[in-house]
Amino acid sequence: MVLVHVGYLVLPVFGSVRNRGAPFQRSQHPHATSCRHFHLGPPQPQQLAPDFPLAHPVQSQPGLSAHMAPAHQHSGALHQSLTPLPTLQFQDVTGPSFLPQALHQQYLLQQQLLEAQHRRLVSHPRRSQERVSVHPHRLHPSFDFGQLQTPQPRYLAEGTDWDLSVDAGLSPAQFQVRPIPQHYQHYLATPRMHHFPRNSSSTQMVVHEIRNYPYPQLHFLALQGLNPSRHTSAVRESYEELLQLEDRLGNVTRGAVQNTIERFTFPHKYKKRRPQDGKGKKDEGEESDTDEKCTICLSMLEDGEDVRRLPCMHLFHQLCVDQWLAMSKKCPICRVDIETQLGADS
């Protein structure tokens, strides 16, 4: 007796090795309930090559015939010899281990997400009141959700995890996993701040996506909203706060008023000093030791000009030094306050 694997069934074949590929017929046992027995007919005299390889066991889904299940058999003789098997309905088999591979992966992912949701709700019970349900089909206008045959994730009203539960009424054909569009996979990957889009619709979807992660920092960013206009509003609010602060403090200036300038300085008409006798006259255009210059405008002082002498004995044009003292009460050369210098001398 030789065991031949046909799909998920192990069928015994009586006879020699050379006759194990002979066609046979089977019929379902009339009294079969949980176990399924099959009657094998007598072997036929048809001969096959002795090196005929056995079919490897493969997993098949309900609804497929036995001659279609092992898709990688190495000879066409077995396909011709086997008669089509009747469709078997395994309605008494339940549990996630018998589901298709893609559905089983979704079941495991659902378990992980539910555990993370439970831990987050236990540690932060007040967050459930701040969350609003979101419809995934409104997140991105260009995404066609009809292309996916997998169960669509639904956003929980009291949590932040995707609900990957499977409806019982769906047929097995709807569980085929198809590749997700590339622009949607970008948002399912690890979020990076410099990859966030700037348009409002994409930004809203990113905000909803990062809520799936249990990190408190990402949840805080999701609550903040990541609104593109938030940066401009923050700048506008900061500027308005500065204006309000200026109104409360008034005009803060470090300069002196005109009365203080007139009180602590000495304005007069400039009179140029003459050179002493016995010293040779210098050529016209050359500066002498007696020439004085205003260090603010860098112009030479001429006779009859209005000048102002500070308590530190530095001399400037009146117009130049008045504008300076209106902004700062310190001398432009020695940086001494005009009021402090006067008090020290007196």
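Just so it is clear, glycine is given a Cβ too, placed from its N, Cα and C backbone atoms.
Keep in mind that this is a model prediction, so the values were computed, not measured.
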Practice prompt. Check each of the ranges 99-103, 164-168, 299-303, 309-313 against Swiss-Prot and return the one annotated as region 'Ubiquitin binding'.
Written response: 309-313
Discussion item. According to DSSP, does Cys320 (Zn(2+) binding site) sit in a helix, a strand, or coil?
Written reply: helix
Item to complete: Might you list, by sequence position, any residue in that chain lying six or more from Cys297 (Zn(2+) binding site) with a Cβ less than 8 Å away from its Cβ?
Response: His317, Cys320
Worksheet entry | All-chain count of other Cβ atoms within 10 Å of Cys294 (Zn(2+) binding site) | 21
Fill in: Any further residue of that chain within 8 Å (Cβ to the Cβ centroid of Cys294, Cys297, His317, Cys320) of the recorded Zn(2+) site
Thr295, Ile296, Leu298, Ser299, Phe316, Leu319, Val321
Worksheet, complete the sentence: Averaging pLDDT over all residues of the zinc finger (294-335) gives 92
Worksheet, complete the sentence: Cys297 (Zn(2+) binding site) falls, by DSSP collapsed to helix, strand or coil, into coil
Worksheet item: With every protein chain in view, how many other Cβ atoms are within 10 Å of the Cβ of Cys320 (Zn(2+) binding site)?
Response: 18
